[in-house]
Every structure is written in C-alpha cells, then in structure tokens.
Amino acid sequence: MEADAKPKKSGPRLCCICTKRRAVLKRPKTLEQICRECFYEVFEEEIHQVIVENQLFKPGERIAIGASGGKDSTVLAYVLSELNRRHNYGLDLFLLSVDEGITGYRDDSLETVKRNELQYGLPLKIVSYKDLYGWTMDEIVKMIGLKNNCTFCGVFRRQALDRGAALLKVDKVATGHNADDIAETVLLNILRGDIARLGRCTSITTGEDGPIPRCKPFKYTYEKEIVMYAYFKKLDYFSTECIYSPNAYRGFAREFIKDLERIRPRAILDIITSGENFRISTSTKMPEQGTCERCGYISSQKWCKACVLLEGLNRGLPKLGIGRSRGLNNDIKKDTKQAGGTKSIESKQCGSLDF
C-alpha cells in the first residue's frame, strides 16, 4: 500500500537569510536563494562596505556620477543617493552625461537621464562631442565606417567625462563599471599585451595623480544582480545597446566571460583577483605620464590620443591614429608644420581642460 502513496508536495522555498519570506531569486554571485527584501539589503550593504573599506569618498566632496541612462549608471545613481542619505556620507551628487551624437540611441537614452534627474533630485550636466570636438559619432561613422569606430568613441568619451567633471568642479567621478566589465578589461589587456593598462585596470580608484580621480563602487557587483535590482525596484533605465557596438572587439571577451560564469559563477571575481595579483617586472619600461602639448590632457605622448584622432578626422585621414604606429606624434607634428603651421588643428580644437 505504501507504494501507492503520493509523494508530499514541498512548500515554497524560504529565504536562506531571513528564513521567513518566500525566496524569489537566486543570487548569481553566491547562488543563495533569497527574498526580494533581503536581496535589496545585501546588495546595498555590499556596495556600502566597498565604499567604506576603500575610502572612496570623503565628507563634503562633490561627486559626478557618469550617467548614460543604462542599467549600471541608473542603479548607481539610485543606490548612491540612498546610501548618501542613510549613512550620512555628506556628498554633493551630480549626474554627468556625454552626448556622443548617435541618432536613435543616445538621444533616447538622454531622455531617460533627464527623467532620473527629476526622480532622484540630482542636478544634470550634459557635454557633447559636437561642442567639444566639432564631430558627432554619426559623422565619424559616416567617414570611417563601422570598423574601429569604438576606438574614437572610447577615447573621446573618457576625455569628455573629465572635461564635464572640470566644468562641474567636482572632486571625483563615480562610474557604473561592474565586475563583469572589469573582468572583460583584464582579458582584453592580456590579449592586447597592454601591460600599462593591465597594471591599473583592476584599481577601484584611478587617476589619483591626475586632476579628477575616478572610482568604481560596483567593482565587485555582478551585472546580473544590477539588472535584478533595477527590475525589482522598477527603476527607469534605457536598455537598448549602442547601434554601432555589435562589431566591438570587447564583445568577444564579454561572450567568453558569460560562458565561464555559466560553468562557474565565481569565475568573474577570480579573473579580477588574478588581475590584481599581476606583478610587472621592474625592468619593464613603462610609459611616462605627461600632458598633451595641444590640449593639456594627460598623455604619455606629445599629443594625447584624442588630439591625434581628431587631427586625422580634420585632415580627412580618419585611420591616422588607429593602431600603434611608432613615432606617430612626431610625424603628425612634422606634417602639420610643413603644411603651414597649426591652422588645420586649431579650426576644430580639442580645447583646454582649464584644470
């Protein structure tokens, strides 16, 4: 008769933290099954501990949050606002956006950022490629095509963020780079053999020797958890990928990281730890940081990468600054002098950072 007895149905699985409420998700990082309320708590507390342990901020500092309208920057703006109030950080927070000039993508995402400005009560500053460099990404892609366009965008965006931060007179820029992003960057720098960047890409704060440091409060936060947090909190964010990014080299590293995560969730943190533990030989010659002779931006060459790329665009030679050409800076300067001074580059200046 016992064989005919039906197995008892097990009840709903309870949260492994509070053991009271029903578990609604499994954390990608730890595989713990927890309820929504406990997820909010551990997610925010982990970020708070990262901020405190790494002394990312000091009371009274002005902090610009790099805001694109995407999930990472939207969650960062929301969480930093909450933690700033809850733990009395004493920070003045601002939203800082870069308009690359990508029709059908950035114009839509900036509308999300403008709504975030009202939702979180944070002042917003927008700087554009067109104003800073005289070019939009649409115009650049029209000239160079879909290959290598991410090189231009990445270089210009990094400098545009610094220039926007300088206009806001902030002490630091907080970006939404998450654990997945950093693991991807470690792999990319290994594949490229870029020892200089490999040595600093895992640092939670960079540019401390420069005018405006940058920090990454999400350094140990998984992308999947950021998406879950945004979803459960019903945050307003823009989820469309850049229309020019499908061919980006980073996409290959991203797919590889996702495959590793499916096999072993901790792989992302392990790659970051490996990057942190890399030791560069003392005999390795590293580039010396200086300033660009043309715009004053940080550079290890006479001209910064942005000025080299911009010069190529203005001269109708968009591939001039692509790749690693030895003596490229010297060649450009020599060619410009032979062409009759610096009129060609001054027509669309990269501009002074006024630091």
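Here the Cβ of each residue, glycine as well, is placed from N, Cα and C on the backbone.
Any TrEMBL annotation is an automated prediction that lacks curation.
Annotated ATP binding site per TrEMBL: G66, A67, S68, D72, V98, G176, D181, in sequence order. Long-range neighbours of S68 (ATP binding site) (same chain, six or more residues apart, CB within less than 8 Å of its CB): S97, V98, S109, V113, G176, F238.
Per TrEMBL, domain 'tRNA(Ile)-lysidine/2-thiocytidine synthase N-terminal' is recorded for 63-247.
Taken from TrEMBL, the feature domain 'Cytoplasmic tRNA 2-thiolation protein 1 C-terminal' applies to 290-320. In terms of DSSP helix, strand and coil, the domain 'Cytoplasmic tRNA 2-thiolation protein 1 C-terminal' (290-320) has 10 helix, 4 strand, 17 coil.
The least crowded of the binding-site residues A67, V98, judged by other CB atoms within 10 A of its own CB, is V98. On its own chain, G66 (ATP binding site) has S73, L96, S97, V98, L161, V173, A174, T175, G176 as residues at least 6 apart in sequence with a Cβ closer than 8 Å to its own Cβ.
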